[in-house]
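Taken straight from Swiss-Prot:
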- G79, N110: anthranilate 1 binding site (BINDING)
- G79, 82-83, S87, 89-92, 107-115, S119: 5-phospho-alpha-D-ribose 1-diphosphate binding site (BINDING)
- S91, E225: Mg(2+) 1 binding site (BINDING)
- R165: anthranilate 2 binding site (BINDING)
- D224, E225: Mg(2+) 2 binding site (BINDING)
Amino acid sequence: MEILLQKVYDQENLSKEEMNIIATEIFEGRLSKTKMAAFLMALKVKGETAEEMAGIAQAMQQVAIQVAFPAGTAMDNCGTGGDKSNSFNISTTSAFVLAAAGIPVAKHGNRSISSRSGSADVCQELGIDINLRPEDMTYLLEKVGIAFLFAPHVHPNMKYVMDVRKELGTPTIFNLIGPLTNPVHLETQLMGIYRRDLLEQTAEVLGQLGRKRAVVLNGAGFMDEASLAGENHYALYENGEVHLYTLRPEDVGLTSYPLEAITGGDAKENAAILRSVLEGEPGAYLDTVLLNAGFGLFANGKVETVQEGVDLAKDLISSGLAKQKLADLITYQKEVLAK
C-alpha cells in the first residue's frame, strides 16, 4: 500500500488494478484520514487518468448495495453537478421523458451539494420516497420503468470519505465518479460533466465499465447538462471508439436562451418547474428538457440522431406520456410502502 501511495506522491500514474487496491482500502475504512487526504490531493495535482477513474469506480461498485435488474436494459442520465449554474433539475425532469419512451431509467442522485435543490430534494417535494429498499427499486423499474436510487443509501461506504472531502473543500476524483457508479448494471448512459477537458477520457472510462454506448456532454457555459446558451460539446462512445462533436440548439430546431433563463430555485420551486415542463408549458425550461431528453434518447440508441430525439421528446410530452410516468411512479410507490 505504501508503495502505491508513494507512486502517486511522485506524480506517477496508477494502473486500474493499483487504483482498485487503494480504493478498496478507502471504502473498507482502513486508510487513515491523513493518508486519504494526501492521496486525493496528490492525485488532483497529478491529474486523474481514465485507468484511475475506472479503478476507483469499480471498487465503489463492488461495495455498493446492488439493485437487481436485467443487465444492459436500464440507463441513467445523471451528471456530476458542480457547474454552479443554479439551474432547475434538468436531468430529473428529462428522466420521465426517457421512461415514457420505454427506456427503464435507474436515476442515480443525491441531495443538493452546490445548488439549492438536488435531485433527491426535488423528488421528495414531488412525493417520491427516496428511502426505498433495493427490492422496491427493482419493483418500480419493472412496473413503471423508472426508479430513484438515493446515492447515500446504495453507497453506504462513502461514509469513510465524507469528512475528508468536506475538510479539503476542493473537488477531487469523487466529484467525477458519482455518475459512473450506478448500482444497476447499465449498458447505455448519458452523463453530464462540469469539466470539458475530461469529455473524451470519461467516455473511455464508461467503456471500461461495460457501457456499450454512452454520451458524455458539457454544455455551453460549462454546464453539466446540454444548454440552450450556445455550443454544446459531447463525446460519443460506441464500438470501443470515442468521437467528439459539437451541437447548438439551432441545429435541432430549438431557440437559444441565456443561462439565466433556466435558473431554478429551492425544491418546491423546482418541483413546480418540473410539473410545468411535463405539462408542456412553452419556454426555456421546456426546450432545455427537450434538448437533454433528445441527447438521452440518442445515447440510448432509441434514435439515430439528437434531432430525432428532440422530436420524439416533444411527442412524449405533448401526448401526456411523460407526465403519466410521474403519476405512475407515485401510484406504484404506494403499493410498495403498503407492503
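From the backbone N, Cα and C atoms, a Cβ is placed for every residue, glycine too.
The structure, with features from Swiss-Prot marked on it.
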{"residue": "G79", "record": "anthranilate 1 binding site", "contacts (Cβ under 8 Å, 6+ apart)": "S91, P179, M191, G192, I193, Y194, D224, E225"}
{"residue": "H108", "record": "5-phospho-alpha-D-ribose 1-diphosphate binding site", "contacts (Cβ under 8 Å, 6+ apart)": "D76, C78, L149, A151, V154, G178, P179, T181, N182, P183"}
{"residue": "N110", "record": "anthranilate 1 binding site", "contacts (Cβ under 8 Å, 6+ apart)": "G118, S119, A120, F150, A151, P152, G178"}
{"residue": "R111", "record": "5-phospho-alpha-D-ribose 1-diphosphate binding site", "contacts (Cβ under 8 Å, 6+ apart)": "G118, A120, D121"}
{"residue": "R165", "record": "anthranilate 2 binding site", "contacts (Cβ under 8 Å, 6+ apart)": "L40, T172, F174"}
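With every protein chain in view, the residue among the binding-site residues S87, S91 whose Cβ has the most Cβ partners within 10 Å turns out to be S91. Here the binding-site residues are D224, E225, and the one whose Cβ sees the fewest other Cβ atoms within 10 Å is D224. Under the DSSP three-state reduction, R165 (anthranilate 2 binding site) is assigned to helix.
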